[in-house]
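Listed features, source Swiss-Prot:
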type	residues	note
BINDING	Arg26, Glu84, Lys123, Lys454	(6S)-5-formyl-5,6,7,8-tetrahydrofolate binding site
DOMAIN	219-378	domain 'TrmE-type G'
BINDING	Asn229, Thr248, Ile250, Thr253	K(+) binding site
BINDING	229-234, 248-254, 273-276	GTP binding site
BINDING	Ser233, Thr254	Mg(2+) binding site
Amino acid sequence: MNNMHSQTTIAAIATPPGRGGVGVIRLSGPKAYDIAQKLTQKNLPEARMAGFRKFYDADGSIMDEGIVLCFPNPHSFTGEDVVELQGHGGPVIQNALLGRLFELGAIAAKAGEFSMRAFENGKMDLVQAEAIADLIDATSQAAARSAVRSLQGAFSTKINTVLEKLIYLRLHVEAAIDFPEEEIDFLADGKILALLEDVQQSVHAVQTSARQGQLLREGLQVVIAGKPNAGKSSLLNALAGVERAIVTDIAGTTRDVLHEKISLNGLPITLTDTAGLRETGDIVEKEGIRRAIKEIEQADLLLLVYDLNQGDDPLKLAQEYFSEHIEPRRLMLIGNKCDLTGQSAEISDYQGFRHITVSAKQEMGVQGLVDAITAHAGFHPEEDTFIARTRHLDAMKRTQLYLAEAREQLVVFNAGELVAESLRLAQNALGEITGDFSADDLLGKIFGSFCIGK
């Protein structure tokens, strides 16, 4: 698509805030070259050729010096004239240069506006634009590789292939409607049903891959909870591979919620260690317990850690602590300190719940726990896994619902017009993923989550 509203020239700092050897400011828009030339008081270098320039203030004094790179439209990131100014990376000088660009006619870029313009000018689709942010925010190598695949168009290609099938199906249905004398033959000969079922299977295949991509992007929220001194902090340290939490023999040592971002078998995990759940008069510890309950309610997976030496029934503990939150999909029972009881580290079933015996301090059974966590999440990415977001899965879910409606209208009622309407809605839902069909408020929400300089 070609964007006609970008008559303004935007500017923003493109490097992370703070001190650094190099700081980059990006300009994009019809006046980018004119503004950069006024800043440098010299002709700009040739396209894609680095040129050393001084940067001047309004009174002619030198503010900084550095490299200037020019990218003429339409062969630039945004599809507009783009200039990158590479100066020194201190926040004071970077903000001063940015202020000078505003004086010369640029305006401040909104969050994600550079990527928004690239999308609107047809330089990338919506999935690829999102992949830029996902690559920057990747918390594991596997997530980064998947984001690169999405950026290169792997996800978009799959969606576009399904869209082509869906459009082809719509053409056949529309033909049946346009030529009513042939309607019975078109709708009843089985060809349209076969095409419809093929589209459903194709969407399902993409959904399966997208769920893996969503796990890579969003990871899993895992909470370690249990009685004080059950070994929760030791287990966090064993999983994280670093001594992060305070580990002592004093009950109630962990008084706050500790977070650790790690990768288990390639799956990004936010591991949370909570305060021990118990009655206490200590004000600080009460606050820790309040936060622990909140984390437990929001967790994707809960590891209930208990001391095998105490003879506790883990399921009774879970029922006491978590009440309505306990279910096999969200809870694993972890019997800790098996080295002190002489038990072997193993995985078993305990009344329908996964039960794992470990020794966190001795790291016995820890790898088995890691494997159980990733298997529990259904995480098994392939080499061609692409990054995906919740909105992508939601769009595919709605697509499948509309396709199911279309199938019912075809098989049960033989109602061609209703089939056509359901297929139209399915195409619109699927088209939201790449941006072929997207409301303005959806675009604003997506790009508004980006960095300012992206």
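From the backbone N, Cα and C atoms, a Cβ is placed for every residue, glycine too.
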Within 10 Å of its Cβ, which one of these binding-site residues (Asn229, Ser233) has the largest number of other Cβ atoms? Ser233
Would you list, in sequence order, the binding-site residues among Arg26, Glu84, Lys123 whose CA lies within 10 Å of the CA of Ser233 (Mg(2+) binding site)? none
Long-range neighbours only, meaning 6 or more apart in sequence with Cβ under 8 Å: which ones does Lys123 ((6S)-5-formyl-5,6,7,8-tetrahydrofolate binding site) have? Pro74, Phe77, Thr78, Gly79
Among Arg26, Lys232, the most crowded of the binding-site residues [Cβ within 10 Å]: Lys232
Cβ neighbours of Glu84 ((6S)-5-formyl-5,6,7,8-tetrahydrofolate binding site) where a neighbour is any other Cβ within 10 Å: 21
Reported as an integer number of Å, what is the Cα distance between Glu84 ((6S)-5-formyl-5,6,7,8-tetrahydrofolate binding site) and Lys232 (GTP binding site)? 50
Express the predicted model's confidence over the domain 'TrmE-type G' (219-378) as a mean pLDDT, rounded to an integer. 82
Alpha-carbon spacing, Lys232 (GTP binding site) to Arg26 ((6S)-5-formyl-5,6,7,8-tetrahydrofolate binding site), which is rounded to whole Å: 47
Where does Ser233 (Mg(2+) binding site) sit in DSSP terms: helix, strand, or coil? helix
